[in-house]
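Accompanying notes for the structure given below.
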């Protein structure tokens with residue numbers, strides 16, 4: 001899912017992250033193999049913006065707290081950040097709210113991408129509606145093969161510079177942590193305890209979808225984190241596992 005190839009290392013460096021073993025986090029992009037959708041189908045989705053431009057995705061946890069990826073918030077000032085909620089378009093509609101503070105997981109590592117989760121506190125509360133809703137955190141990981149969806153405004157191909165204005169989504173299937181780390185796929189020991197994977201042929205999240213929601217069974221099960229390319233065969237998208245990091249989110253929200 002959110003994946004850069006090595007040629008995009010300059011982008012990651014510009015955004016303040018280091019790259020784990022040639023596998024890059026996605027910082028600006030589109031859903032690969034996806035379909036345009038509306039925010040009413042994914043009302044917990046927000047666009048995290050730096051200086052008014054889409055940077056990453058995120059999920060509404062409470063009316064004042066957003067869950068996103070820690071790698072989205074490296075070397076960035078709070079004053080440059082805002083979120084847009086309640087719109088199918090990252091650049092218009094809905095509401096924009098300034099960020100008052102954020103906290104990255106203390107155990108986050110840009111080298112290994114372990115604990116890639118963060119919470120954002122908003123300067124004012126969101127008003128919930130049909131297009132702005134919170135989503136519950138998973139308390140356990142879904143089984144291997146479970147149906148899931150991922151949404152965002154990320155690039156639609158690996159290495160692309162352009163992003164769509166309208167929200168995109170793809171349906172994927174969960175790949176359990178143990179299976180994702182097995183010889184079936186190409187990651188091996190790069191898959192850690194706080195990660196979960198998802199895949200579908202020709203479909204994935206990509207640059208710019210980072211921090212966005214992986215949803216299964218109506219709850220947030222993953223946060224778009226990293227991967228090898230976008231929709232590359234043998235390399236599922238890798239997500240921060242919300243069930244494994246739930247206690248940290250609740251404690252810091």
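Note: Cβ is positioned from N, Cα and C throughout, glycine not excepted.
In Swiss-Prot this protein carries:
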SIGNAL    1-22  signal peptide
DOMAIN    31-253  domain 'Peptidase S1'
DISULFID  56-72  disulfide bond
ACT_SITE  71  active site, charge relay system
ACT_SITE  116  active site, charge relay system
DISULFID  180-197  disulfide bond
SITE      204  site 'Required for specificity'
DISULFID  206-230  disulfide bond
ACT_SITE  210  active site, charge relay system
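Feature map: Swiss-Prot annotations on the structure.
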residue	record	DSSP class
56	disulfide bond	strand
71	active site, charge relay system	helix
116	active site, charge relay system	coil
180	disulfide bond	helix
197	disulfide bond	strand
210	active site, charge relay system	coil
230	disulfide bond	coil
Residue 116 (active site, charge relay system) to residue 230 (disulfide bond) - Cα separation in whole Å:
18
Recorded positions near residue 71 (active site, charge relay system), in sequence order, restricted to 180, 197, 210, 230 and a 10 Å Cα cut-off:
210
For a quick check of packing: other C-beta atoms within 10 Å of the C-beta of residue 230 (disulfide bond), how many?
31
What does the structure give for the C-alpha distance between residue 72 (disulfide bond) and residue 210 (active site, charge relay system)? Integer Å is fine.
7
Using other CB atoms within 10 angstroms as the count, which residue among the disulfide-bonded residues 56, 197 scores least?
197
Disulfide-bonded residues listed as 72, 180, least Cβ neighbours within 10 Å:
180
State the Cα to Cα distance, in Å, between residue 230 (disulfide bond) and residue 210 (active site, charge relay system), rounded to an integer.
12
What is the pLDDT of the domain 'Peptidase S1' (31-253) when averaged and given as a whole number?
92
May I ask which of the disulfide-bonded residues 56, 180, 197 is closest to residue 210 (active site, charge relay system) if we compare their C-alpha atoms?
56
